[in-house]
Amino acid sequence: MCQSRYLLFLATLVLLNHLTSARVIPVSGPAKCLNQSQNLLKTTDDMVRTAREKLKHYSCTAGDIDHEDITRDKTSTLEACLPLELHKNESCLATKETSSIIRGSCLPPQKTSLMMTLCLGSIYEDLKMYQSEFQAINAALQSHNHQQITLDRNMLMAIDELMRSLNHSGETLHQKAPMGEADPYRVKMKLCILLHAFSTRVMTINRVMNYLSSS
């Protein structure tokens with residue numbers, strides 16, 4: 001009887017140790033970045049849906065707005081993040097200077113390459129530009145007496161979290177100057193344009209993170 005209890009006690013200890021070890025297994029960097037990009041995709045889609053509903057009189061649909069890419073001629077995400085077999089101007093892209101040196105956890109050692117480093121650096125710069133624009137627009141929206149719409153805090157947090165994973169350099173982000181007394185109609189139209197452009201870019205980011213986290 002005593003021996004049976006002792007064996008049961010040992011088995012319980014082994015099980016508890018196994019469960020404890022399972023809890024503390026850290027999520028790999030690429031997997032964490034994928035989770036963050038998926039969260040960003042969800043919160044961005046939610047924000048686009050909210051904008052379409054609340055700004056239905058502003059023609060805030062993808063087919064009605066004038067599409068504008070604020071990252072054009074400033075980053076090379078679309079070129080650098082192409083599959084390696086499709087790269088035609090790798091040497092040209094490689095000579096471009098990037099203002100971000102990736103020190104984050106999204107790039108696994110087995111997939112490290114010059115082009116992927118450029119890709120993640122460009123993604124970081126994209127997020128930084130959109131973050132700055134969204135902060136300025138949100139401040140303008142909140143300053144209006146009738147707060148018809150403001151940016152979803154969850155989306156802004158998702159941008160910040162992925163940026164921190166992409167770059168651990170401790171860079172201080174500079175906020176864009178407030179828009180001041182901007183016309184409410186123009187502010188909301190700019191919000192629609194930015195949201196649709198950002199949604200498209202987030203899809204690209206999510207595909208990259210899917211690739212990096214795959215075995």
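Here, residue 1 is simply the first one shown, and the rest follow in order.
From the backbone N, Cα and C atoms, a Cβ is placed for every residue, glycine too.
Following the DSSP three-state reduction, the secondary structure of C33 (disulfide bond) is helix. The disulfide bond annotation in Swiss-Prot covers C33-C106 (among others).
Taken from Swiss-Prot, the feature disulfide bond applies to C60-C192 (among others), supported by similarity to another entry. In the three-state DSSP scheme, C60 (disulfide bond) is classed as coil. The Cβ of C60 (disulfide bond) lies under 8 Å from the Cβ of A51, R52, K188, M189, C192, L195, each of which sits 6+ residues away along the same chain.
Taken from Swiss-Prot, the feature disulfide bond covers C81-C119 (among others), and the record attributes it to similarity to another entry. Every protein chain considered, the tally of other Cβ atoms within 10 Å of the Cβ of C81 (disulfide bond) stands at 19.
Annotation comment: Swiss-Prot describes N35 (among others) as N-linked glycosylation site, evidence class sequence analysis.
Residues or ranges marked as N-linked glycosylation site in Swiss-Prot (evidence: sequence analysis): N89 (among others).
Under the three-state DSSP scheme, N167 (N-linked glycosylation site) falls in the coil class. Annotation comment: Swiss-Prot describes N167 (among others) as N-linked glycosylation site, evidence class sequence analysis.
As annotated by Swiss-Prot, signal peptide applies to 1-22.
For N167 (N-linked glycosylation site), the nearest of the recorded positions by C-alpha distance turns out to be C106; the candidates were C33, N35, C106, C119. Counting every protein chain shown, the Cβ of C106 (disulfide bond) has 26 other Cβ atoms within 10 Å. Comparing Cβ neighbour counts within 10 Å across the glycosylation sites N35, N167, the minimum falls on N35.
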